[in-house]
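Everything on this sheet refers to the single structure shown next.
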Amino acid sequence: MAFNDLLQQVGGVGRFQQIQVTLVVLPLLLMASHNTLQNFTAAIPTHHCRPPAEANFSQDGGLEAWLPRDGQGQPESCLRFTVPRRGPPFPNSTDANSTGATEPCTNGWIYDNSTFPSTIVTEWDLVCSNRALRQLAQSLYMVGVLLGAMVFGYLADRLGRRKVLILNYLQTAVSGTCAAFAPNFPVYCAFRLLSGMSLASIALNCMTLSLEWLPIHTRACVGTLIGYVYSLGQFLLAGVAYAVPHWRHLQLLVSVPFFAFFIYSWFFIESARWHSSSGRLDLTLKTLQRVAWINGKREEGTKLSMEVLRASLQKELTMGKGQASALELLRCPALRHLFLCLSMLWFATSFAYYGLVMDLQGFGVSIYLIQVIFGAVDLPAKLVGFLVINSLGRRPAQMASLLLAGICILVNGVIPQDQSMVRTSLAVLGKGCLATSFNCIFLYTGELYPTVIRQTGLGMGSTMARVGSIVSPLVGMTAEIYPSVPLFIYGAVPVAASAVTALLPETLGQPLPDTVQDMESRRGKPRRQQQDQQKQMVPLQASARENGL
């Protein structure tokens, strides 16, 4: 395959690559904010029942007379006295005032607005009997992410990465802004679903468009850069949410910048590798010459011609014309093998990640500090992951990150509940390993699939990750059987998935495959090299025996 040589000829990592990759990666700062936005926009402040409108506090004994207390002496959140309670209950009394009979909060709730002046919970009373609706909003967002990964992953392979990115930026900007002005909860959920669809595609196309414009030796660096930008986005969300606590203002603040991303995305240059895999050699030539001019390699660009490209990319043009459909992932044996193995890795990483994040809510600190801790854990973890990915390879990094994460979670399941420091440390270590796994699986998947179906493959992988994030809360319900059961399940799945990594080929230092034939030849190359080495050893061993060695 000569495409990597063509990239080097037009400048390698030149001015164009540096500018476009920066502009493509920049929106990921706010994508991290959208993914965990409901930690703040749907926060549940302290609340209690609102007394009846006709209540007379001066006669009733004040607000406290209407509020029953729980076992810890705090006001009940979802109940109030039917009549104000002026004294202790008397045994065997049927008087409501004496026994303290209670009823649901028929007149609404009073919220503590000291930390969160306004959230979707306080605006639409998503508490008590309506508490499940709060989770519904986040679930619908994840459903949108799942749909977006499937739909836009396919469209990106059919229409190109640039066109789909432009559409996704506009969709995120419009749907996010509309969510900030939603008049009711159903409308808010609908726009959050649309935001999830577009943000899933932005994440996938960001990785693909960057990989396809970069030489082999820089791909791991860019993959790690994308992971760090996402982690920095978690820090950004903590600061922005603290400065702008009102949920509508916060929703608007993280959505409006996508209008700017939409405007400058028109200047993106489509992947020349995608053009060639689509059989558009004329557009491939035009794109490469334009990049050469931007990189200050005008003379090298003028040397390119249709004949040069046709000779260099002869195999790609003869084997890779047309676009493969998603059904090819199951129809073709080589692609089916990749699809099944990678699906397991995507599912296990997301399943354990969201299961662990839910378990990390036990920090007895501010929610803003928790957000910072989550982001801080990723920084050293992704640095270590980058060093392993770039030196030992993708396969060892993927296997080790899943295995270590699973072991941390399993060990956490047998640690006594009173050992909070040990349990928290193991949880943080496991979360860091899963963040590294996410970083690696994005890069690994993009390098394993051929160009003609790369975006579809990434989309299906992301779909399996979303399935894992949806199933994860359901597994948490098994805690009713035994408190540690969820941890054993969350830990066993990544440990089992780490073994699947052994069935995948290594991609360190290998060019991106453009066709299925390229992918199959890469899988067969190590076996052929091993056979050739064995054949070469035979005469050497014979010669050694002749010389008495």
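Note that Cβ sites are derived from N, Cα and C of the backbone, with glycine treated the same way.
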Matching range for TrEMBL feature annotation, transmembrane segment, among 110-128, 167-185, 433-451, 471-489: 167-185
Range from 167-185, 191-213, 225-244, 250-269, 368-389 with most C-beta pairs under 8 A to the transmembrane segment (136-155): 191-213
Leading stretch by Cβ pairs under 8 Å, where the reference is the transmembrane segment (167-185) and the options are 225-244, 250-269, 368-389: 250-269
Model confidence over the domain 'Major facilitator superfamily (MFS) profile' (93-509), averaged pLDDT: 82
